[in-house]
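Noted in TrEMBL for the protein shown:
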SIGNAL    1-22  signal peptide
BINDING   SER130, GLU174, HIS202  Mg(2+) binding site
BINDING   ARG337, ASP351  ATP binding site
Amino acid sequence: MSRARSHLRSAFLLAAVSPLSATTRFGARRGLSAWPAPQEPGMEYQDAVRTLNTLQTNASYLEQVKRQRGDPQTQLEAMELFLARSGLQLEDLDQLNIIHVTGTKGKGSTCAFTERILRSYGLKTGFFSSPHLVQVRERIRINGQPISPELFTNHFWRLYHRLQETKVDLAVVEVGIGGAYDCTNIIRKPVVCGVSSLGLDHTSLLGDTVEKIAWQKGGIFKRGVPAFTVLQPDGPLAVLRDRAQQISCPLYLCPPLEALEEGGPPLTLGLEGEHQRSNAALALQLARCWLQQKDHQGIGELKASQPSLQWQLPLAPVFQPTSHMQHGLRDTEWPGRTQVLRRGPLTWYLDGAHTVSSVQACVRWFRQALRGRDRPDSGPEVRVLLFNSTGDRDPAALLKLLQPCQFHYAVFCPNLTEVSPTGNEDQQNFTVTLDQVLLRCLTHQQHWSRLDKEQASPNLWNSPGPEPGGPASLLLAPCLPHPVSTSSLVFSCISHALQWISQGRDPVFQPPSPPRGLLAHPVAGSGASVLREAAAIHVLVTGSLHLVGGVLKLLEPSLSQ
């Protein structure tokens, strides 16, 4: 383990995110070590991923586990056993310099900002997060880059064989339930912890109120370890405060980014969207605290030496961000979050928002981006929504928030890149059946049609009242006469949806001829003509990170190499 620590001596960012089996989560973490491992004869990266997929819980068994769930504490106990079977002990993890971040919105972006800031100081970083977008190896990053397919393959087989040699029962079916009982919470001695924005998500696992979710997320707090959070609604903020007090964890409330900018230059963020300012504010505190704990010099001059109390929480230090911090925020990249790809007449807006609050932020970002766009000299502009949602999320509530964008077409498809799973092992999901995901897409279409009928009005665009997605001032001049109801379509996979939307006009996405019957539906046929003639096509892809990942795989082939 000493060699692993020497390779990962500076920082390890651990984002506790979507639930995964304990085996999958541990295998990813083990891969962060960088010493040589023997190559499995004849086994390639995709063979390792296919084997990893066999450890996924199947859909029917997952439903049984949910109904018969016992003491969630056993999740952590099982994780300790897996750790020991791999040849590691908790004491080995205690030696790593960990930043542990949780939340329901913005935790990945917060970690991306934090990691980039630390690298700007010349530190070597490791970063574990989930889910991945295109390839599973993205979950493990060294110095901001996903580990290579070879490194992932080598360490996967090393760990897989160790677990097989010591197995009592190979079936590992329980999933993490976030925060307190998530398998990542075996981390006992992080340097600092963070909680990003909280909202309703994974309610069947975490609880049906934000307060219950806050209790779960606050489970990562450790005695004497500083923790930071952003401004939350009063209920969950009180829960986090009480959780921290119970275990003697010093919890601080991050001041807004404006307070840190006062008297200095405005901070430029590498990630678009107003909501990213909250994530950046949290990242600055996490990075500064980590550097301070490690006696690093040049961590920013304090502006306020005696933090005031707000909401019965001490305010985190207000300081002047250093040039390293400024450069880190500016250079942060985090694909699939408020990402824009401009391709000829098509502009793709990609954001993996999947909760009410994150979709609200996504709508504000999308409308703001459209407001500042370059308009074509002539010809109509078309707005298209590509949407899917998974799990126990309420698709009707999310789709309602997207209505003010007034899309001309709403397209729904499952998170399947292609109809055939061949070559798409990184994105296979055995926790649901094909019938389930297709029926869910049809349900999405029904929700959209119902909402469209309820809210469609020629005067809606100029309504003076508040809108769920943002202020009424962000109005868009209609480019095509807006129909009374948005046309909607369901496709069997992401590739077919993109083929219909792009109509061969994306210079990078040039698939072979469309499958027979792609334009058989009347809406598909008439819409294809509109899309071929449009001067500009604006496509918002949202509702699921897995959907965004599938789209990126097709639009950015380099991510699969």
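Keep in mind that glycine also has a Cβ here, set from the backbone N, Cα and C atoms.
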Tertiary neighbours of ARG337 (ATP binding site) (same chain, Cβ under 8 Å, six or more apart): GLY108, SER109, LEU271, LEU350, ASP351, GLY352
Around the Cβ of ASP351 (ATP binding site), the count of other Cβ atoms that are within 10 Å: 25
Number of other Cβ atoms within 10 Å of the Cβ of SER130 (Mg(2+) binding site) across all protein chains: 21
